[in-house]
Amino acid sequence: MDQEIQLNQRPSQREQQQEEHGATAAMPPQDDERQDHQAAAAVHGQGGGGGATAERHHRSKLTLLPLVFLIYFEVAGGPYGAEQAVSAAGPLFALLGFLGFPFAWGVPVSLVTAELAAALPGNGGFVVWADRAFGPLAGSLLGTWKYLSCVINLAAFPALVADYLGRVAPAVAVPGSRARTGTVLGMTVFLSFLNLTGLSIVGWGAVALGFVSLAPFVLMTAMAAPRTRPRRWAARVKGRKRDWRLFFNTLFWNLNYWDSASTMAGEVERPERTFPRALAVAVVLIAVSYLLPLMAAVGATDAPPEAWENGYLADAAGTWLSNSALSMAL
């Protein structure tokens, strides 16, 4: 019975195939010509404008050096703000903290960031990680908390820069003055517009800003090296107990936000290779940029730890410059 059904179906299947073949043969040649023309146009586009577009897209990807400095400014930005660690616990603990904390805290977090950013190379970063692991509610909460944390944290930097500029222009250091308000507002507006220019420009801008911001500390360290006395690194805080809360808060504030770089993973060229290398270089660069200026400033001055406040590194550098100018004049 089954064989008879199969035999009865075979002619109909053959007729159906013949009808489909006939319909295909009856297609007008214009369709084939149109398809050939579209294929040729696609090939031409890849060799011409499409190739240029792909090349521009390739160039817009972040490479190793811009990513290193973007991570550097996400986490640190220079030894600015490290002075309070010296006043809180003394120079020895400050040096040990900035030597060990980047590796005890920064290395594990950067390894996690590198692994997850390479596995999920999108711009969602830590929000995507929390969403994948714990669900959309956790991802939404993490994104909200991180946003609020970044807003509060970033608001401190223009004021910190104003404190340093106040060493050169005293009017900027006066709280509530027009000069200080204008400095903070102008810096905020400038950096906001810079971020709107695109990640590629921001990345190379971070490289330029990194060299500009680190150059004074390189010069300061070189000038202080002949005057450095290691015994000064062991100076104690006199007259009061060590403020461990301020000490650890200062370390954490200066060496946090390693995972923020994950929100750029979708813009990085070959993230599986670039991210681990960039994070490794950034850990060393950040540790050195804090440690060497502090070693130089502490070892070359006799100021007590209580004198270390925001902007003291600028005061120390100004003292050495004036002394060097006086020595050259004599």
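A Cβ is built for glycine as well, from the same backbone N, Cα and C atoms used for every other residue.
The following features are taken from TrEMBL:
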COMPBIAS  1-11  compositional bias 'Polar residues'
COMPBIAS  12-22  compositional bias 'Basic and acidic residues'
REGION    1-55  region 'Disordered'
TRANSMEM  62-82  transmembrane segment
TRANSMEM  88-105  transmembrane segment
TRANSMEM  145-165  transmembrane segment
TRANSMEM  201-225  transmembrane segment
TRANSMEM  278-298  transmembrane segment
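Against the transmembrane segment (278-298), the recorded stretches 62-82, 88-105, 145-165, 201-225 differ in Cβ pairs under 8 Å, and the greatest number is found for 62-82. Taking Cβ pairs closer than 8 Å, the transmembrane segment (145-165) reaches residues 77, 80-81, 126-127, 172-173, 180, 183-184, 187-188, 253, 257, 260, 310-311, 314 in its own chain, all 6 or more past its ends.
Among residues of the same chain six or more beyond the transmembrane segment (62-82), those with a C-beta under 8 A of the stretch's C-beta atoms are 94, 98, 106, 157, 160-161, 164, 199-200, 202-204, 206-207, 209-210, 213-214, 217, 250, 253-258, 260-261, 264, 267-269, 274-275, 277-279, 281-282, 285-286, 289-290, 293-294, 310, 313.
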